[in-house]
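Below is one structure; the comments refer to it alone.
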C-alpha cells in the first residue's frame with residue numbers, strides 16, 4: 001500500500017486541494033537561511049546539475065554526493081559535477097555534515113538511496129525532493145528528526161538553468177511533508193531553496209506532496225509529454241501522405257510546437273488562437289472540440305489510475321522487470337519516421353507555423369483544456385492544474401526543438417517518460433484515425449482567409465476567453481512579466 005492510500009477520505013481531499021499562490025514579499029528574506037549551510041545534492045543528472053548551478057550562482061555552498069562506484073567509474077554524474085568545478089564525494093564523506101540533503105536521483109532509485117541517506121544524516125537535517133513520488137506512491141517512512149521538504153520546478157532541468165540565465169525562472173511548487181516537519185522550519189528552507197533556483201521570479205505555489213505528485217503525473221502523461229509525442233508522430237505521418245517534403249514536415253513539427261506554445265507563455269490559449277486568421281481560428285476551435293470529445297475517456301482513465309495508484313503499481317513492476325516496457329517503447333520511438341526525418345535548411349517564418357499548423361493548434365488547445373478539466377474534476381486546485389498543463393508546456397516543447405522526441409525523453413524524469421509512452425500507446429491509433437479525414441489546409445498548407453460570420457466568431461472568442469484555465473491563467477501570468485521570447489527555429 002502506498003502513503004496516499006493510508007489516508008482517510010478527508011485527509012486525501014485536504015492534501016489534493018492544498019494550493020496557495022505565494023506573494024512576492026514572502027521571499028524578502030531571499031536565501032539567508034541557507035547561507036553558510038552545507039548543501040549536498042545527491043545525483044548530478046539534469047535536475048541535479050542545473051539546480052546546483054543556479055543555487056551556486058545564488059551564493060550557496062553546493063557539493064555532490066555520488067555512489068563510490070560512480071566516482072570510481074567516472075560516470076556521467078561525476079563528469080557533470082567535476083566539469084563544473086563542484087566538490088564531489090561519496091555518501092559517507094559528505095552526508096553526515098550536511099544541513100540540507102537534496103535527493104535528485106531518478107525516482108526508481110529513491111527507495112534504496114533514501115534508506116542509505118537516513119543512516120548517515122545528522123539530527124535536525126533537511127531532506128529535499130523535487131518530485132514526491134517516493135513519498136506518496138510508496139510507503140516510505142523517514143526518520144522523525146528529519147524535516148522533509150520539496151521544491152519542484154515545473155520543467156526539465158535544462159530549462160531550469162536556461163530560464164535562470166535569462167534572468168527569470170520557472171514556476172515552482174514547494175511543500176513540507178505532513179509527517180516530517182521536526183523543526184517547524186521546513187517551509188522557510190523550501191522558500192530559500194526555491195529562491196535560489198529562481199523560482200520566485202516566475203511564481204511559487206505552496207502545495208502538498210500529494211497534490212504535486214497527482215497533478216504532475218497527470219500533466220506529463222497527457223498534454224505535456226504524451227500528447228506532444230503522439231501528435232508529433234501522427235502529424236508527421238499525415239504530412240508525408242499529403243506529399244510534403246520529409247524535411248519540411250519534420251521541421252514544421254519539431255520547431256512548430258516551440259513556436260506555437262511561445263504564445264501560451266504570454267497570453268494563454270487566447271493569444272495562441274488570436275495568432276490565426278478568423279477563418280483558421282474557427283476551424284481550429286471546431287477541430288479541438290472534436291479532439292476533446294474522443295479523447296475525454298482516455299484522459300479520465302489516466303487520472304483515475306493515477307489517483308488509485310494503479311499507474312504507479314504497474315510502473316514499479318516494470319522497474320522490477322528491468323524496464324522491459326520502457327526500453328521497448330524507447331526503441332520504437334527512436335525508430336519512428338519523425339525521429340529519422342532529414343534536416344531542412346530553408347527558413348520557416350514564424351507565422352507559417354501557425355498558418356500551416358491549424359491542427360497542431362487545435363491539438364494543443366484540446367489537450368490543455370482537457371488535462372486541466374480532468375484535474376479539476378478530481379479535486380486538484382486550478383493553480384496547480386494550470387502549472388501542470390499550460391504553464392509547463394512551452395518548456396517541454398523547447399526540448400523537442402533541440403533534438404526531437406529523443407531530447408524530450410532524455411531530460412524528463414524516468415517516471416514522466418514511462419507515463420508518456422503509456423499514454424501514447426493508447427492515444428496514437430485514436431488520433432491517427434481522426435486525422436485521416438481532416439482537410440489538407442488543416443496541416444501543411446494555409447486555409448484561405450474567407451469571410452466569417454460575425455456572431456459565430458464572437459461566440460468562439462467568448463468561449464475561448466472564458467474557459468476557466470484562461471481566467472486563472474490571466475491571474476498567474478500577471479506575476480510573470482519578465483519572460484524572454486525564443487528565437488524562431
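Even glycines carry a Cβ here, placed using N, Cα and C.
Residues or ranges marked as active site in Swiss-Prot (evidence: sequence analysis): 131. Around the Cβ of residue 131 (active site), 25 further Cβ atoms fall within 10 Å across all displayed protein chains. In the three-state DSSP assignment, the secondary structure recorded for residue 131 (active site) is coil.
For 44, 45, 46, 47, 67, 77, 107, 108, 109, 157, the entry in Swiss-Prot reads NADP(+) binding site, with the evidence type sequence analysis. Within the same chain, residues at least six positions away from residue 67 (NADP(+) binding site) with a Cβ under 8 Å of its Cβ are 90, 91.
According to Swiss-Prot, the Mg(2+) 1 binding site annotation covers 216, 220, on the basis of sequence analysis. When secondary structure is read from DSSP and collapsed to three states, residue 220 (Mg(2+) 1 binding site) falls in the helix class.
Of all the Cβ atoms in the protein chains shown, 25 others lie within 10 Å of the Cβ of residue 392 (Mg(2+) 2 binding site). For 216, 388, 392, the entry in Swiss-Prot reads Mg(2+) 2 binding site, with the evidence type sequence analysis.
Feature annotation from Swiss-Prot assigns substrate binding site to 413; the stated evidence is sequence analysis. Residue 413 (substrate binding site) falls outside any helix or strand according to DSSP and counts as coil. Taking all protein chains in view, 22 other C-beta atoms sit within 10 angstroms of the C-beta of residue 413 (substrate binding site).
The annotation domain 'KARI N-terminal Rossmann' is assigned in Swiss-Prot to 16-207. Averaged across the domain 'KARI N-terminal Rossmann' (16-207), the predicted model reaches a pLDDT of 96.
Annotation comment: Swiss-Prot describes 208-343 as domain 'KARI C-terminal knotted 1', evidence class sequence analysis.
Look at Swiss-Prot and you will find 344-483 tagged as domain 'KARI C-terminal knotted 2', backed by sequence analysis.
Neighbouring residues of the recorded Mg(2+) 2 site, listed in sequence order and excluding 216, 388, 392, comprise 154, 215, 218, 219, 220, 224, 387, 389, 391 (Cβ within 8 Å of the Cβ centroid). The Cβ neighbour count for residue 220 (Mg(2+) 1 binding site), using a 10 Å radius over every protein chain in view, is 24. A coil conformation is recorded for residue 67 (NADP(+) binding site) in the three-state DSSP classification, outside any helix or strand.
The binding-site residues listed here are 107, 388; among them, 388 has the most other Cβ atoms within 10 Å of its own Cβ. In three-state terms derived from DSSP, residue 46 (NADP(+) binding site) belongs to a helical segment. Checking the binding-site residues (44, 46, 107, 216) against residue 131 (active site) with a 10 Å Cα-Cα cut-off leaves 107, 216.
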